[in-house]
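Pulled from TrEMBL, these are the features on record:
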- A:1-67: domain 'Phosphagen kinase N-terminal' (DOMAIN)
- A:94-336: domain 'Phosphagen kinase C-terminal' (DOMAIN)
- A:97-101, A:His160, A:Arg205, A:261-265, A:289-294: ATP binding site (BINDING)
Amino acid sequence: MVLTKDIYNKLRGKSTPSGFTVDDIIQTGVDNPGHPFIMTVGCVAGDEESYEVFKDLLDPIISDRHSGYKPTDKHRTDLNFENLKGGDDLDPAYVLSSRVRTGRSIKGFTLPPHNSRGERRTIEKLSIEALATLSGEFKGKYYPLNGMTDKEQDQLINDHFLFDKPVSPLLTCAGMARDWPDARGIWHNDAKTFLVWVNEEDHLRVISMQQGGNMKEVFRRFCTGLLKIEETFKKHNHGFMWNEHLGYVLTCPSNLGTGLRGGVHVKLPKLSTHAKFEEILTRLRLQKRGTGGVDTASVGGVFDISNADRLGSSEVDQVQMVVDGVKLMVAMEKKLEKSESIDDMIPAQK
Amino acid sequence: TYWFLPHSTAYPDLRQHNNCMASHLTPAIYAKLCDKSTPNGYTLDQAIQTGVDNPGHPFIKTVGMVAGDEETYEVFADLLDPIIRERHNGYDCRTMTHPTDLDSSKLHSGRFDERYVLSSRVRTGRSIRGLSLPPACTRAERREVERVTVDALAGLSGDLAGKYYSLTQMTDAEQQQLIDDHFLFDKPVSPLLTCAGMARDWPDARGIWHNNEKTFLVWINEEDHTRVISMEKGGNMKRVFDRFCRGLKEVERMIQEKGWEFMWNEKLGYILTCPSNLGTGLRAGVHVNLPRLSKDPRFSKILDNLRLQKRGTGGVDTAAVGSTFDISNLDRLGQSEVQLVQTVVDGVNYLIECEKKLEKGQDIKVPAPPKGN
């Protein structure tokens, strides 16, 4: 954390128009000294203005977290799926599933650490209305957490769609579980390939996913669906929080920019135990997680591999890195299966 | 945009809930209070958050709200007054006054049969006036509570002389000793406390003070600013209560010398974080073995009429193990410390008499409820 006494003293008297203070920003980081698997940010935003009012603290954190991103840098948004090259040929014998997610915040409302019940319910209401206008491959249904039948709940659990009340202290200490399960819910299309979480860690989390390795298709659906949703929100005068410096504004500073995590569940039992595994990931600008999510360990050599970057590169750039990187790692895995060396395949730093 | 959302959109969904807050928070009261805040900025939503997030408890009907500061009890009186009435046996703080009496010489028959009573304990809490309470306090305020209290405790002498162990600085050896003595309190895990914000910044400015004899103990910045505990093995409740009163008065004198005082008023007595601890904040109790009586179907009724409560020996939200129970006073507000400890003394003596009767195959009687119940 970059919070020096000077910065703290400078910021402690300030608050955003909605009343979020520096102590509110850092509470989760104070209460959670560190995580074994991943260096956590330790701060959250309570509203869009947090990033402005507390820039003395958040700019250095953003820079640290996003590879030196400067306060004067501009972020590029590219949701044109046709710009992605390849991505339809990841070997399904290794790549078990593909997924792209992002978050969106609705302008004019405060964020999950800070929002009131009234705001949260209004966000839910607006989301339901927007999603109800979707059609074709995007036609779907909303399941409020506080009102689904047992049968619906079981089905959502079996589909691995249901999100639970957060138990991670990273989230609970930031106040994101307040009033659970009020105004929380899950929407998904009939085909179960496009999913929206309402009022979990962000106002909206939008997820496109499917079994197998066709990341191209996943990304196409992701971009198409997102743009349709955004159109509907804009029509009702509730655009998404976005600016040309930070891109899409979300609760956690780590998700600024694209807010995009594009990834696969991939079998890499040999590569993952190779001495250079971490280095390869770093050079490919990729990140590994356990298949249970951000703060879990891997099980059985299956890893969740996704882009490490969020800010300073576009959606297309980031998914391209995943596609190219995973393709390379699967090739390495195959080599290692045959007891061949992968030394000449080690990539240069991207 | 959001400032103009109507109150009706914000009223919490309490349909699954079973706590005092849910019983009394009507939409009308919510609408009246939801835009108010105490001078420190504590709001209704903050006060009720724990009750919204914790619909109900299997063993005990929880209060479902907390105070963030002394003024909470006044600013949100429309909600707290009926909760206090329900929780404290009809006590009406608008018309009644609460008696404070820490003269332990008035206690009689305070020595229990040690074949049954394993240990005796009296605890209360005290809040330092002018500093916000654990759900709302800043780091700075919490550290000030620690400083003021530790300073006062350093002035105790004789059988009360002791030492402070800060949670952030104790050595491993000290920590182990405190665990072995059953003195060490942990970071709260109960969502009743965490949802109210009481675990923030843990373990900053938290600590334990105890006298050298290990019979007088003060917790700093756990669920209240201070929790004061007098305890010992065996059945000498009289001595436990003597030490309790003496220690409390000494500590109060010390902080007053420095210009501080405890939060107290004549309507609500001592002001603490949880409305259930208003008045005396006092829980006097014993760990007592009642193998036969505890299996008698009249046990609960007997306890009720004696104005006593049973808990497991692990604390408020635990179940009993075997036939050893934690038996303590139900009431906190509307009767003095002396009266409540006397109630425990008389009640536990009665329970022991029942146990002895059952041992001899004799029948027992359910005592009459106190007058006015």
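Placement of Cβ uses the backbone N, Cα and C atoms for every residue, glycine included.
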Per-state residue totals over the domain 'Phosphagen kinase N-terminal' (A:1-67) - DSSP helix, strand, coil: 32 helix, 2 strand, 33 coil
Mean of pLDDT values spanning the domain 'Phosphagen kinase N-terminal' (A:1-67): 92
Neighbourhood of A:Val100 (ATP binding site) by C-beta distance under 8 A, where only residues 6 or more apart in the same chain count: A:Ile207, A:Ser208, A:Met209, A:Met215, A:Val218, A:Phe219, A:Phe222, A:Leu260, A:Arg261, A:Gly262, A:Gly263, A:Val319
DSSP-derived structure type at A:Ser97 (ATP binding site), helix or strand or else coil: strand
